[in-house]
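Residues annotated as domain 'Major facilitator superfamily (MFS) profile' in TrEMBL: 54-523. Per TrEMBL, the feature transmembrane segment maps to 57-79, 91-113, 120-139, 145-171, 178-202, 222-241, 323-344, 369-389, 401-420, 501-520.
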Amino acid sequence: MNDIEKESDPPELAYSSESLSVAAREDGVSAAYEAKSRLINEHLQNEIGFGRYQLQLFILTGLGWAADNIWLQGVAIILPQVQSELHPVRVEFTTLSLYVGLILGASTWGILADLIGRRLSFNITLFIAGVFGVAAGGANNFTTLASLVACVGFGVGGNLPVDGAIFLEFIPKSHQWLLTLLSAWWALGQLFASLIAWPLIGNFSCASANDCPKSSNMGWRYTFYVLGGVTLIMWILRYVVFDLQESPKYLIGRGQDEKAIKVLQHIARVNGKTITLTAESLRKASGTQDAASTSLTTRQLIQQSFSSVSLSHVKPLFSTRRLAINTTITIALWGLIGLAYPLFNGFITLYLTTQVPSDSSISTTYRNYSIISVMGVPGSIIACLVVDWSRKNRSAFAMGGRKVTMAVSTALTGVFLFLFTTSKTNAAVLGYSCASGLTQNAMYGVLYAYTPEVFPAPHRGTGDALCSAFNRITGILAPVIKIVTTTAAGTAANGSANGPIFVSASLFLVAAILMLFLPIETAGKAAL
């Protein structure tokens with residue numbers, strides 16, 4: 001046994017037979033898998049480290065997260081202009097269509113990541129989003145637009161659950177805090193969309209809904225062309241330029257130890273390092289003597305995977321009382337936030353236009369939206385700093401670590417949204433919107449880190465998919481609530497009723513309370 005295997009491990013990395021059996025009962029994973037996973041974590045930390053491969057992966061998974069919010073905000077941005085030109089019965093149906101696609105995308109790509117590996121989902125999702133995004137810009141009627149936006153959602157919907165899992169499984173424990181920093185890309189996605197829309201929609205939009213032909217309202221179409229083109233460039237970088245390796249933790253979960261070792265050796269070479277871990281070491285640590293895995297073609301692997309589709313990746317997430325409670329609350333949080341977030345942000349340009357009608361020019365609306373987007377970036381950075389601090393300081397456990405950070409930022413978001421409804425001036429609207437943007441991104445930053453950390457790798461894709469899918473399922477209710485509350489208030493589709501914002505703020509406060517009841521704290525622990 002080499003020197004690295006002889007070194008004494010910190011408590012959270014120990015893999016004695018007793019600790020393995022306890023961990024298996026608590027986390028719903030086999031003792032053999034956990035032993036291999038912990039050994040891989042050791043070599044990632046002590047031999048491979050964080051280098052060129054992980055840096056490239058951070059950028060490319062970050063682009064995927066940016067794409068998710070680019071399209072969430074891209075659809076929100078165009079609503080006033082779509083309403084003026086295409087005259088749909090309810091322009092909110094555009095958002096409804098997007099969420100239908102997001103639900104299907106999150107479920108499909110996340111579950112496929114556990115069935116046939118992470119690479120397929122990682123490589124294809126942005127291509128689908130980019131192609132249909134460009135096509136949506138050419139839609140000549142509302143039905144076509146809504147259908148194409150749903151296809152965009154199907155593609156981009158798989159990015160958050162898949163990209164987060166991929167990045168987490170390739171980084172050493174010392175850099176796990178970077179998963180939170182990925183949320184800065186999400187904030188940058190909103191900023192990018194707003195900076196593209198401001199000049200295009202501001203300068204190429206019709207002044208009145210009474211006279212708004214396509215030729216004088218090309219701004220929202222130009223915006224979609226740019227966003228779709230940029231998404232395709234992201235896909236080229238991911239699929240053509242970067243050589244993504246399959247996750248070694250996925251491979252050992254499928255019994256393919258030799259392939260996992262080859263992946264780790266490749267990463268070590270890219271980082272300019274060497275690795276002493278062998279397949280024999282993995283089998284020895286887990287107490288098994290598996291034969292070499294049989295090589296399967298892609299077609300055989302897909303057939304094998306779908307022939308055994310079942311609840312095998314869901315049941316382990318509820319295998320113990322503690323894990324079941326944590327999984328249930330985590331999924332519920334994603335659901336609550338999935339409804340609360342789009343109730344405000346999904347229609348933010350409508351709110352900015354109508355909250356103070358006396359000063360609601362197109363240029364002012366998109367200028368303010370760009371300022372709000374800028375404020376989201378420091379929110380993600382603040383969350384990253386807090387997560388890194390909780391990793392380094394044991395006292396953070398006593399203070400609640402990730403959980404308290406999430407709860408405080410979520411509660412502040414609810415408070416600022418309540419205050420938004422009292423706004424009577426443009427300065428107040430902008431100020432409360434900026435404050436909520438900062439706290440929302442801080443909240444999402446920690447939640448994005450906590451969720452994949454709390455699920456073991458064999459079932460991480462499915463766990464993330466359940467959270468993401470439930471997030472999208474509840475999000476589909478946002479346009480329905482928006483329609484109902486504005487109609488009940490006797491307003492038009494662009495009305496200024498604050499009902500949806502009150503609902504959003506209340507849901508954020510409920511989510512903040514639930515976060516305090518999560519039984520598992522992940523700060524300072526290496527992900528399995």
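Just so you know, glycine gets a Cβ as well, placed from its N, Cα and C.
The average per-residue pLDDT of the prediction over the domain 'Major facilitator superfamily (MFS) profile' (54-523) is 82, rounded to a whole number. Outside the transmembrane segment (401-420) by six or more residues, the chain places 337, 344, 351, 355, 379, 383, 386-387, 390, 429, 432-433, 435-436, 439-440, 442-443, 446-447, 449-450, 501-502, 504-509, 511-513, 515-516, 518, 521-524 with a CB less than 8 A from a CB of the stretch. Against the transmembrane segment (120-139), stretch 222-241 shows more Cβ pairs under 8 Å than any other of 57-79, 222-241, 323-344, 369-389. If you count C-beta pairs under 8 angstroms between the transmembrane segment (145-171) and each of 57-79, 178-202, 323-344, 369-389, 501-520, the highest count goes to 57-79.
For the transmembrane segment (369-389), the list of distant contacts is 73, 77, 177-178, 180-181, 183-184, 186-188, 190-191, 193-195, 197-198, 348-349, 352, 396, 402, 405, 409, 430, 433-435, 437-446, 449, 523: same-chain residues at least six beyond its ends, Cβ to Cβ under 8 Å. Counted as Cβ pairs under 8 Å, contacts with the transmembrane segment (178-202) are highest for 57-79 among 57-79, 222-241, 323-344, 501-520. Within the chain carrying the transmembrane segment (222-241), a Cβ under 8 angstroms from the stretch's Cβ atoms is held by residues 60, 63-64, 66-67, 70-71, 74, 77-78, 122-123, 126-127, 129-137, 156, 192-193, 196-197, 200-201, 204, all 6 or more beyond its ends.
Residues of the same chain lying 6 or more positions beyond the ends of the transmembrane segment (323-344) and with a Cβ under 8 Å from any Cβ of it are 26-28, 72, 95, 99, 317, 351, 410, 417, 420, 436, 440, 443-444, 447, 450-451, 454-455, 463, 466-468, 470-475, 477-479, 481-482, 500-501, 503-505, 507-508, 510-511, 514-515, 517-520.
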